[in-house]
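**Student:** Take this structure, written in C-alpha cells, and hold onto it; I'll ask about it next.
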Amino acid sequence: MDGFASMASVWNDWIRYKGPWLLTLRLLNAVLIRTSFNPDEYWQGPEVAHAWCYGGHLTWEWETCIALRGVLHPGLFALLLALLPEWPVLVAYAPRLLQGAFASLADWAVYRSADRLGSPLTCWALSVQLTGWFQLYALPRTFSSSLEAVLAAWIVERSISSTSSSVAKWQTRQTRWLLLLGSLQVALRPTAAGFWLSWAIYKMYVLLQCGDLHGVFSGLLAPGLLISGVVLSFSTLLDCLYYGRFTLVPLNFLRFNLLADGSALYGSHPWHWYFTEGLAVTLGTFLPFCCIGLRAVGSGHPLRPLVFSAFASILLISLASHKEYRFLLPFFPLFSLLAGLGLQRASAWLQAKSAARARFYLLAVVFVPQVFAAIFFCVVHQRGAEAVMTHLRNYPARGGIFFLTACHATPFHSFLHGQEELGYLDCSPGRNSPQKRFFEQPMPVLRELFPEAQHNATEEGPPKGAALKPCLDYRYEKSWPLPQVFVLWGSLLRREPRMQPWLETNGYHLELEIEDGIWSEGPYDIELWPSFSIFRKRCNSVKPRACSGVQRRAAACVQS
C-alpha cells in the first residue's frame, strides 16, 4: 500500500505542477527532430520492432550465433506497434513520440531532484535540462541510451530521497525503487553495471565507516541481490525464449565490447576522449558551471555518491576503444543538477555585486548558444536520411529499393512500412565486408551484386571477404535482382565517373538529390556538403505495375 500511495503522490504532483507542460515540450521536441544521429536509433529499436511485428531486416547482432542484443528495449516498441493502426507515418514516428514521453519523465525527475536539494535550484537545473542542446538532440531518440537516461534521472531522484533518511532507515521503499531502477538500467545496457558496482562500493564503505554491518548485508546486499536477480533473470528468460537457446546477452555484450574490444570495428578513440572531447562537446557552455557545481558537492552532500559512481563508470567505459557522445547521455540528469548548482552560485555572486547587466549577459552567453545548436542539429545536420525515406514513402517503389550507401545510413522498413523489397551493402564484421569492397572498387562489385545487369567493366574486384563467424557468411554472398530504385551516397558519383553511365545503361535516371547538411561522416570519412541521390528505373523499362502513379502519368503525357 505504501508503494501505491507513493505512486499516487508522484502522479498528483505531476498533474499539479510541471508534468503536462514537460510532456508537451518533449513531444514537440520529438516531432521537430528531422535529422539522424546514429544508425542504432533505428536499427536497434524501431527496425527490430518492425521486423517482429510486420517483417523486415535485422542486423548481425541479432543472429542466434552472436546474440549481442536483448529484447527488452525493442520489445517496448514492438508492443507499441502491435497496439497502433498500420498507418505508415504513425509506424515511422510513434516510437520516437513514445521516447519523447519517456523523456518528459526524466525532466520531471530532474525537477523533483532539484526541489529536494533546495527550491532556488529548481529553476536553474530545469533550465539546463530543457535547453541543453544535447538533451534536445538525443534524449527523444530511440536509443537504449535515451531510455537509460530516463531511468538514470529517477535513480538520481530516488538516491537524493533515500540519503535524506538515516542509516537505520536504509531499508525503505525509496531504496528498493532505487535498486529496481538500477537493475532495469543494467538489463537495458550492461555497461551500466560499472555505475552500480561503484555505487555499491561507496555505500558499503560509508556503512562500514559507521560500523553498520547489519546495514551492509540486510539493507544493501540482500535486497540488491534479490531485486537484481529477479529483474536480470526475467530479462535473460526473454532473451533465451527469443534466441531459442540459453544465452546471457549481458555477458556476450561485455565480452565483445570490452574484453575482445570488438566495438573498435566502428572507430577507435584515446582513453581520455570522454573527459576531453566528449564532455566538452556535449555540455558546451554548461561545462564551466558543471565544474563549479562539482566543487560544491562536498562530503555528506546527497549527490556525492552519484558523482563518485558516474566518474568511475566513465572511467570504465573509457576502457573500450570505441566511444560515442550518446554513451554519456545517462549521466546528463546528474550533469543538469551540477550545472544548475554552478549557475545558481554564479548568479548569486553577480547579484551580490549588484551586476544585473552582467547577470543578463551571462544568461545570454550560456543559454542562447545551446538553443541555436539544438535547432541546427535537430533540423539541419544529417537531415538527408529521413528525407530520403519520406520521399520513398510518398513515391513507393514496388519493384524494390537498393541502398548503395554506408551501411545502415538511413532508416529502413520502419519508415516505409510497405511491400518493397529492400537491400543494402552489408557491413557485418569480418574481412572485406560487401560495403568495404564496394567503396574500394564499385564497378566489379556491382557485377557480383547484380549479375543480370549490363556491365562494361571487366577488371578484377577486390579480394573476397570472410565474415567474423560462419553463421554470417550468407550476408557476404548475396546477389540481388535489379531494383526499381537505387539510393546512392552522393559523392560516389563524383569519385566513380563510371557509376552514372552504368545506371543510365541499365535504364535509371536521376529522380532527386537530397542534401544531408553541411558535413557528414560517410563511407569516405568526413565530407562537406554531403547528399543522397535517388535513381529510379524509367517507366518503360519495367512492368507498368512496378511504376509509381506519378511515373505512369508522366509517361502517358510524354506518349501523348
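Glycine is treated like the rest: Cβ placed from N, Cα and C.
What TrEMBL records for this protein is below:
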type: TRANSMEM; residues: 177-201; note: transmembrane segment
type: TRANSMEM; residues: 213-234; note: transmembrane segment
type: TRANSMEM; residues: 271-291; note: transmembrane segment
type: TRANSMEM; residues: 303-321; note: transmembrane segment
type: TRANSMEM; residues: 327-348; note: transmembrane segment
type: TRANSMEM; residues: 360-382; note: transmembrane segment
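Show me how these features fit into the structure around them.
**Tutor:** Long-range neighbours of the transmembrane segment (177-201) within the same chain, counting only residues 6 or more positions beyond its ends whose Cβ lies under 8 Å from a Cβ of the stretch, are 70, 72-73, 144-145, 147-148, 151-152, 154-155, 158-159, 162, 220, 223-224, 227-228, 230-232, 235, 249-251, 253-254, 257-258, 305-306, 308-310, 312-313, 316-317, 327, 330.
Within the chain, the transmembrane segment (271-291) has long-range Cβ neighbours (under 8 A, six or more residues past its boundaries) at 128, 132-134, 314, 317-319, 323, 325, 327-328, 332, 335, 338-339, 341-343, 346, 365-367, 369-370, 373.
A Cβ distance under 8 Å defines the sequence-distant neighbours of the transmembrane segment (303-321), meaning residues of its chain 6+ beyond its ends; these are 117, 155-156, 159-160, 163, 191-192, 194-199, 202-203, 206, 257-258, 261, 263-264, 268-269, 271-275, 294, 297, 327-328, 331, 334, 337-338.
Sequence-distant contacts of the transmembrane segment (327-348) (same chain, six or more residues past either end, CB-CB distance under 8 Å): 106, 109-110, 113-114, 117, 120-121, 124-129, 132, 134-135, 138-139, 143, 145-146, 148-149, 151-153, 156, 185, 189, 191-192, 195, 274, 278-279, 282-283, 286, 288-294, 296-297, 303, 306-307, 310, 313-314, 317, 359, 362, 366.
Here the transmembrane segment (360-382) has long-range neighbours at 29, 32-37, 127, 131-133, 136-137, 284-286, 289, 343, 346-347, 350, 516-518, 520, meaning same-chain residues at least 6 beyond its ends whose C-beta is under 8 angstroms from one of its own.
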